[in-house]
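> Here it is, the structure, as structure tokens.
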Ligand code: SAM
């Protein structure tokens with residue numbers, strides 16, 4: 001039974017780290033004319049309302065993108081995408097990763113999205129309709145294994161689970177290994193929480209053994225509420241594109257200002 005709903009967390013500090021890195025990676029990849037594939041295993045609903053009950057209940061966006069936005073230059077790819085979404089959907093709109101990706105891609109590019117939650121899947125279909133991606137209501141890693149190696153072969157996969165199922169800490173690195181064997185040129189971006197419980201630590205050990213050249217970027221931030229066990233967020237990037245490590249350093253600098 002899935003209970004996680006990203007609407008409570010959209011635009012939080014973890015989204016800022018993940019979405020800024022994603023936008024920079026896609027900005028770099030789309031500088032070349034060659035078409036690419038974008039694959040996302042845990043897509044969410046694609047578009048969020050930061051003025052809605054969910055966002056206001058947690059206040060996570062207020063302490064996230066709404067606090068840090070100015071620290072990214074106006075010309076940063078993440079800021080450019082945010083501005084485009086606000087023009088189209090209103091000042092309180094916030095794009096999920098599928099919409100950030102869609103705004104970066106060209107007509108020659110291909111997009112595969114999976115979302116398992118029935119309500120989120122319905123909303124995703126609606127939000128992403130104008131771009132016509134392939135959307136499946138299916139387990140994300142199963143979809144990823146089915147569509148790799150993709151056509152076009154060049155491309156990026158975002159893996160952004162809700163980590164509700166403890167087994168994911170074992171099954172996701174295992175699936176990433178299988179995907180990388182089938183698609184050795186693919187850029188794989190995995191988001192993970194840094195937890196007080198240390199549940200992520202053994203998974204990172206496995207990933208670093210399998211992908212010694214990968215980029216690992218982590219930011220720490222104050223807990224969103226008392227007793228909340230998330231201390232920060234991380235991105236593990238296999239085949240990181242040019243410039244991503246420098247962008248990760250810039251993001252670390254921005255997060256340090258949070259104190
Ligand atoms: N990537 C989105 C973004 O940044 O805008 C947020 C995704 S949210 C963190 C994770 C999503 O994964 C939730 O919408 C949840 O319903 C969905 N989900 C959970 N288990 C899944 C599974 N096994 N396969 C596909 N989607 C799943």
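Backbone N, Cα and C define each Cβ position, glycine as well.
TrEMBL labels come from automatic prediction, so no person has curated them.
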> Besides 42, 97, 115, 139, 140, 160, which of 19, 76 does TrEMBL list for that S-adenosyl-L-methionine site?
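Within the candidate list, TrEMBL flags 19.
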> Work out how many Å separate residue 139 (S-adenosyl-L-methionine binding site) and residue 4 (site 'Interaction with substrate rRNA') at their Cα atoms, rounded off.
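So the alpha carbons of residue 139 (S-adenosyl-L-methionine binding site) and residue 4 (site 'Interaction with substrate rRNA') sit roughly 15 Å from each other.
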> Around residue 97 (S-adenosyl-L-methionine binding site), how many other C-beta atoms are within 10 angstroms of its C-beta?
24
> When you measure from the Cβ of residue 4 (site 'Interaction with substrate rRNA'), how many other Cβ atoms are you left with inside 10 Å?
15
> Any idea which of the binding-site residues 115, 139, 160 has the thinnest Cβ neighbourhood at 10 Å?
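Output over binding-site residues 115, 139, 160: least Cβ neighbours within 10 Å is 139.
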> State the count of C-beta atoms found within 10 angstroms of the C-beta of residue 140 (S-adenosyl-L-methionine binding site), not counting that atom itself.
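Taking every protein chain into account, the count is 24.
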